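Taken from TrEMBL as is:
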- 27-265: domain 'Rhodopsin' (DOMAIN)
- 329-349: region 'Disordered' (REGION)
- 12-31: transmembrane segment (TRANSMEM)
- 43-63: transmembrane segment (TRANSMEM)
- 83-100: transmembrane segment (TRANSMEM)
- 120-142: transmembrane segment (TRANSMEM)
- 172-190: transmembrane segment (TRANSMEM)
- 202-220: transmembrane segment (TRANSMEM)
- 240-264: transmembrane segment (TRANSMEM)
Amino acid sequence: MGQDDRGAQILASLWSLTAAAAILLFLRLYCKLCRAKGLWWDDHVLILSWVSLTIAAAIQTYLVSLGFGQRMETISKEDLKTISLFTILFAIFAIIATTTSKSSFALTLYRITDASWMKYLLVFIIVTTNVSMNLVWIFGLAKCTPLKRVWDKDVQGTCWDLHKLVKFQLFAAYYSAILDFVLAGLPWQIIMGASIRRREMVGVAVAMSLGAVAGATGIVKAVMVVNMTSPDITYDRVDLTIWTFTEPAASIMAISIPMLRMLYQELKSSHNRTKYNQSNPQRSVVVSSNKAWKDSQEALRDSEDIIQIKSSSPDYSGILKTEEVRVHHERPSNVNGGNAIEMSPFGTR
């Protein structure tokens, strides 16, 4: 491909982001289904977000096959009309992926917070995000009369002022980015009231604040919107296309990462047990048995459960009771003629 063909760059960027988001989303769902309490509304909305992201990637792949990423003068007139139409479809699914990913995280926070003011704020964020962002593609379709003139300039008709549309798109892009930072800051407000160790508190808060990355990509996308006024729509909009796609992909990944703490804690615990058994063969076995102990471990792993434990509530999430039994392996004696295994209570606390 020549220097004026950026199709490969688009495909590599979009499908690598789609794959990364799919991997993290799969791990999130695995932890929820196999190690937690099953799926909730936020998980289903996040799945919808990834499906919309994949559809957008597929549409863009078709656009590249028509010549998107190349200079306009190298593309046939009929292909340009098709590119204009499918660019709108790409924008629709990319916006749906963006709004649903933000709504998913807002629903997660809505479920775990007890503060009335925060619940109202989250509802406000969900509603205004979906309205402002979806108006972008609605105005994109409604800007011309008749409708076909939107993608076929040979059709006679009238269209709205392009500069006014770009201004609204800039507003929607910056507003979306600001809300990403707001959503990234809300978990700290929730976690500050939780009765957990500082190390756990910071770890959970940082993991749940990764949505700020999506906010940063949203700002970059807003800067790229200025290129929409360029007449070479198939070449100069490549960067805008990539960053438009990056925002929802980064949001999906950021939302999925906090749940992976559960998987990390399990792998870490398994590694520590294996390491201990290898360094202490046939010496002692410590058995701790209590349903509350199991529940406490699940609570430590699940970041959504951790931040529901308020300081004003009794702390039932820790280890309530342990029973330790030490197993001693002794040599054969003349009394019983075999191996004597003594299991004696080591202590009860």
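Including glycine, each Cβ sits where the backbone N, Cα and C put it.
TrEMBL labels come from automatic prediction, so no person has curated them.
Here the transmembrane segment (43-63) has long-range neighbours at 10-11, 14-15, 17-18, 21-22, 25, 28-29, 32, 83, 86-87, 89-90, 93-94, 96-98, 100-101, 103-104, 107, 241, 245, 248-249, 251-252, 255-256, meaning same-chain residues at least 6 beyond its ends whose C-beta is under 8 angstroms from one of its own. Averaged across the domain 'Rhodopsin' (27-265), the predicted model reaches a pLDDT of 85.
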